[in-house]
Amino acid sequence: MDLVTPTEHFPSFHSSHKHTLTSPHFRGYLLLHNVTILKHTSSTKPLRTVVSIFETSSFNRKSQQRFQRIPTNNSNGIQSSSIDSQNLEEIDNNSYLVKLVRIGKLEQGFRFLERMSYQGDMPDVIACTNLIRQFCKTGKTKKATRVLQILEDSGAVPDVITYNVLISGYCKSGEVEEALQVLERMSVSPDVVTYNTILRSLCDSGKLKQAMEVLDRQLERVCYPDVITYTILIEAICKESGVGEAMKLFDAMRIKGCKPDVFTFNVLINGFCKEGRLDKAIKFLNDMSSYGCEPNVITHNIILRSLCGTGRWRDAESLLSDMLRKGCSPSVVTFNILINFLCRKGLLGRAIDILEKMKNHGCTPNSLSYNPLLHGFCQEKKMDRAIEYLEVMVSRGCYPDIVTYNTLLTALCKDGKVDVALELLNQLSSKGCSPVAITYNTVIGGLSKVGATERAMKLLDEMCRKGLKPDVVTYSSLIAGFIREGKVDVAIKIFHELERLGIRANAVTYNSIMSGLCKARRTSHAIDLLARMIAKGCKPTEATYTILIEGIAYEGLAEEALGLLNELSSRGFVKKSSADKVAELKYNIPS
């Protein structure tokens, strides 16, 4: 759960420039704009005709008119130049620029802006800001910066919102240094939103020291931090230096007259919980009212999760009761925390009781509410109850996700019910749930364990056809299955396929093949495989050495096996307790 401050939204351009939309000047502009369009096209012509006129004849004709500057007399007999027509032209051009941005033709809009700049027209700040915003959304921050440069070079004065949009774009793309460069070049004073955006990015990148330096510059410019500024820094300090240091800044913000909000408290309470100081977190929760701030459901959920995580169920129940008494309504997350805890403890009956009570508090269970229950039933091998609650879940309009199905498939395969698992897998697509690699790995592993390796191989082909990439778990399951069937050479062939695909085998993979080779009395090949394993950088486990020692013993070389065991044991590779097993082999060598 993300417990940090809410995302800071920049003021909307509509609200910032609302006065221009209702002014007489703007209404006059709309009239002139409509007259211009009607002058060149009939009302029956489609939009693309209007656009083409703007791009060709209208634009070129006005470009010529700009330089003619033919004087005219107005109704008062005062001579005027074609500056009015130039202003009209700029209005038309800006209107067209706005239209291009609105319909998503950013590159065309950018080229048109360059054309305006070449003509000497002054672009509209709002139009350019929207173009900057859209370029930033698509990750084209450099082009957005070029728009700002054109705007500045034209003589227009970008407002703080324009700069904030660009700074936000750089921060979201992880280019915080570039955002700082924009901060330095600003022709207007940055506001608290400007600094909060940069501080958030620096803190998220773990650059707390640099963030504090930016804060110093903010204070030098007499731009006072707000509650969001402090909360961003308090969260970063909690992560880097601990909640004790963060409390110093908390006290400082209050001294400076900045009132902490619920997000500030949530950050600090989360810090106390992560440090295991739950009693301090609870005290802080109870003291919130004295600071003029009431806890919300997230505040309670933070502490509730920590109490459940440390097994303090009675305290969790007490906190929930206190929460309800204060009129703070629990959320689905609240109930899911409790259900998850009870299911982990095996208290499925109590978990069901809480699940059924959710609707009384206006909460509808989701898949995360049912999944722990299904997992709990599967753990207790109560597959009938698991299937029953799966049906209950669907009947209530809560459709299982892939985690739900993976839980059931794992339990079915462990219980040896691979046919049921395979049937469920085949139904997933019709249930609107796409299987993932883990889904296939589970069933492939189940089939391999019951000796159905050929069916497992068909499932591997299906997996690949669906664009899912098999991994080391997939191939290790198949290799282990073929080894159990005594098909060592087939297992080795699959091992070579694994290597060809660039998948790195792990100790489980090597151990399976070594076991098969040793049982087939091909111990020398197993030793060669050990050398290959080490050469590939895969560290042998105790099981690796035990398999080889047993293989040597099965070859009739029990004394040598015991000697090797003692040598490996003295080096710490194998435990002494393994010697008894080899000693037994000395007297029970198969003929």
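Glycine is treated like the rest: Cβ placed from N, Cα and C.
Annotated repeat 'PPR' per TrEMBL: 124-158, 159-189, 191-225, 226-260, 261-295, 296-330, 331-365, 366-400, 401-435, 436-470, 471-505, 506-540 (among others), in sequence order.
Across the repeat 'PPR' (261-295), DSSP classifies residues as 27 helix, 0 strand, 8 coil. Taken residue by residue, the repeat 'PPR' (331-365) breaks down under DSSP into 27 helix, 0 strand, 8 coil. Counting residues per DSSP class in helix, strand and coil order gives 26 helix, 0 strand, 9 coil for the repeat 'PPR' (124-158). For the repeat 'PPR' (366-400), the list of distant contacts is 332, 335-336, 339-340, 343-344, 346, 348, 351-352, 355, 358, 407-408, 410-412, 415, 417, 431-433: same-chain residues at least six beyond its ends, Cβ to Cβ under 8 Å. Counting residues per DSSP class in helix, strand and coil order gives 26 helix, 0 strand, 9 coil for the repeat 'PPR' (436-470). Here the repeat 'PPR' (366-400) has, by DSSP, the following mix of helix, strand and coil residues: 26 helix, 0 strand, 9 coil. In terms of DSSP secondary structure, the repeat 'PPR' (506-540) contains 26 helix, 0 strand, 9 coil.
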